[in-house]
Amino acid sequence: MNNPLVNQAAMVLPVFLLSACLGGGGSFDLDSVDTEAPRPAPKYQDVSSEKPQAQKDQGGYGFAMRLKRRNWYPGAEESEVKLNESDWEATGLPTKPKELPKRQKSVIEKVETDGDSDIYSSPYLTPSNHQNGSAGNGVNQPKNQATGHENFQYVYSGWFYKHAASEKDFSNKKIKSGDDGYIFYHGEKPSRQLPASGKVIYKGVWHFVTDTKKGQDFREIIQPSKKQGDRYSGFSGDGSEEYSNKNESTLKDDHEGYGFTSNLEVDFGNKKLTGKLIRNNASLNNNTNNDKHTTQYYSLDAQITGNRFNGTATATDKKENETKLHPFVSDSSSLSGGFFGPQGEELGFRFLSDDQKVAVVGSAKTKDKLENGAAASGSTGAAASGGAAGTSSENSKLTTVLDAVELTLNDKKIKNLDNFSNAAQLVVDGIMIPLLPKDSESGNTQADKGKNGGTEFTRKFEHTPESDKKDAQAGTQTNGAQTASNTAGDTNGKTKTYEVEVCCSNLNYLKYGMLTRKNSKSAMQAGGNSSQADAKTEQVEQSMFLQGERTDEKEIPTDQNVVYRGSWYGHIANGTSWSGNASDKEGGNRAEFTVNFADKKITGKLTAENRQAQTFTIEGMIQGNGFEGTAKTAESGFDLDQKNTTRTPKAYITDAKVKGGFYGPKAEELGGWFAYPGDKQTEKATATSSDGNSASSATVVFGAKRQQPVQ
């Protein structure tokens, strides 16, 4: 290896200085002093980089909106009840996407009825196991699907409801009546890779729920036989929605499917999503469809960032000075959604109209594949191997849009975490943990303002999901909070606490650190006679994590000899162990890399705290917007305990597989990871050098910022 940094280290005694950048929230600034020559070493500082824009939509597995019911007590009635952005409820990680969202389902299960306690739902969803009903699902139910785009695996959207009993409280002048339920979309396996280019057609279904207003009806959509739109929300699953075609016997060539369907085009090369939301009309013999087989109500336009998209929905069936008897008359500036599936095969979305009159959810997918794996006829193109179904050619190369990994310390395993293209939001066990304080920059998720108003380089905190806090008190499952209740198992009577240390305040698109899961048993769980103070705390697992928003491959630089500097977390063992945390302090854990983008090579070194010789050297090759390589210790090994002067145990790592990526708009940041469980070679070296019996092992995550010379 011809590494000038390593060659220089062999001739001179480097002194490293690592200090925080006062104005930039922490900086990696390591400078060496050559004792053989008086010339000063070059000084570096972090490059300035564009900070992430504030994200109105923080992403998630899915969202639901509940139907409204208006108080219509004479003389004390509410004139209207609008929909609000705050009405969106996170669904959490679904048990299975085809099943109803657990949180919202448990709410509706408790709704009282006058006799019919069935939960009715979209025909393609899994029937409810509700003890008193069959959920109204059956083979003869009306259809709702886009032709040729029916076999969803990762995302489902739909509706479910009960014929709720009227709420009558005459002493408080209150009467509410009408159905109670939700519309929703939710998915699993948010996409880590998407097609790098090309245009792909997605089709699916969409659903709506309206506000309530005295005297309001939507006769072009729903027959207001029970005062839908007036006393309670009109919605796409209402039994009086009679104007969309739901039956195969009346399907026409110009129909795109059954019910309310979507037709979207995703231009992955230009990161754009466009499309339309339509109704497939039931009959030409009425005045609601202008003698067409389909009626378009919205056009969608969104920008794709990572595996998420945000944009607008424009109402297309509206005219000035004309009253429409449907709710789709206002544009929306709140369209958001995301891609699900290993290659972005499916997507889900939602929006609320700007007039707060209607909320919409939907799901769409690429063309269904036939049994032989080819896309069904009529597609814009069959998928090539390695591409999403419906992609247009063999050129459907995939690109990685994010990294999110967890490395366990006890068994040295690496597993993928879910992520919604937000490095500042950790998703573990279906629970979303904000890594940065609410009052910080860039959409409430940036720097940690620490002591004396300064910026802390790393942040340490504890996070207890709201659901678990309540479960610990009541021992029952809770609903509606922005967490996934009990997704990691039965937490009733327990409080699961996550201890997190995250680095670094000068990294905007990359976050990495330490994660510890703890279960605190309640007094009842700890023992019948125990007091709350006696509740036992069990440390479940300690691990490391890294997640980052990958640079667009078209934006990867072509420069040579680009310097990145940063820090790292490490755990190294061979019987005894050494651990070190990220730091910007002088003598702390240090990382330095030289990247030759032109030749697609990366070399680097990780140096442990209070050491001069590097702990690991790393060599790798750049592939697209990421890199792979190997890490190894020096031939003399790594001293695990410097204080043991007579018999210092050592670790020998010969061939640890490193993976990583470049992050930010212009590859301003890089990071990577490796977990090395040991091998026969290191076991032999360990036994020879330190008289041990176990193979050396290591777990490491690292991150660094691009540097520029100090002017």
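Even glycines carry a Cβ here, placed using N, Cα and C.
Swiss-Prot lists 46-56 (among others) with the feature compositional bias 'Polar residues'.
Per Swiss-Prot, the feature compositional bias 'Basic and acidic residues' maps to 96-105 (among others).
The annotation compositional bias 'Polar residues' is assigned in Swiss-Prot to 119-146 (among others).
Among the features that Swiss-Prot reports, compositional bias 'Low complexity' is placed at 373-393.
Feature annotation from Swiss-Prot assigns compositional bias 'Basic and acidic residues' to 457-472 (among others).
The compositional bias 'Polar residues' annotation in Swiss-Prot covers 474-492 (among others).
The compositional bias 'Polar residues' annotation in Swiss-Prot covers 684-699 (among others).
Per Swiss-Prot, N-palmitoyl cysteine is recorded for CYS21.
Taken from Swiss-Prot, the feature S-diacylglycerol cysteine applies to CYS21, supported by a curator's inference.
Per Swiss-Prot, the feature region 'Disordered' maps to 33-58 (among others).
Taken from Swiss-Prot, the feature region 'Disordered' covers 79-105 (among others). Residues 60-66, 68-70, 119, 121, 124-126, 128, 152-156, 160, 182, 184-188, 209-214, 216, 334, 350, 352, 356-359, 418, 430, 479-485, 487 of the same chain lie 6+ residues outside the region 'Disordered' (79-105) yet bring a C-beta within less than 8 angstroms of a C-beta in it.
The annotation region 'Disordered' is assigned in Swiss-Prot to 118-146 (among others).
Residues 67-70, 72, 120-122, 142-144, 158-161, 176-181, 183, 206-218, 258-260, 279-283, 286, 288-289, 327 of the same chain sit 6 or more residues outside the region 'Disordered' (225-251) yet have a Cβ under 8 Å from a Cβ within it. Feature annotation from Swiss-Prot assigns region 'Disordered' to 225-251 (among others).
Positions annotated as region 'Disordered' by Swiss-Prot: 370-396 (among others).
Marked as region 'Disordered' by Swiss-Prot: 437-492 (among others).
Per Swiss-Prot, the feature region 'Disordered' maps to 682-711 (among others).
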Secondary structure split (DSSP) over the region 'Disordered' (79-105) reads 7 helix, 4 strand, 16 coil
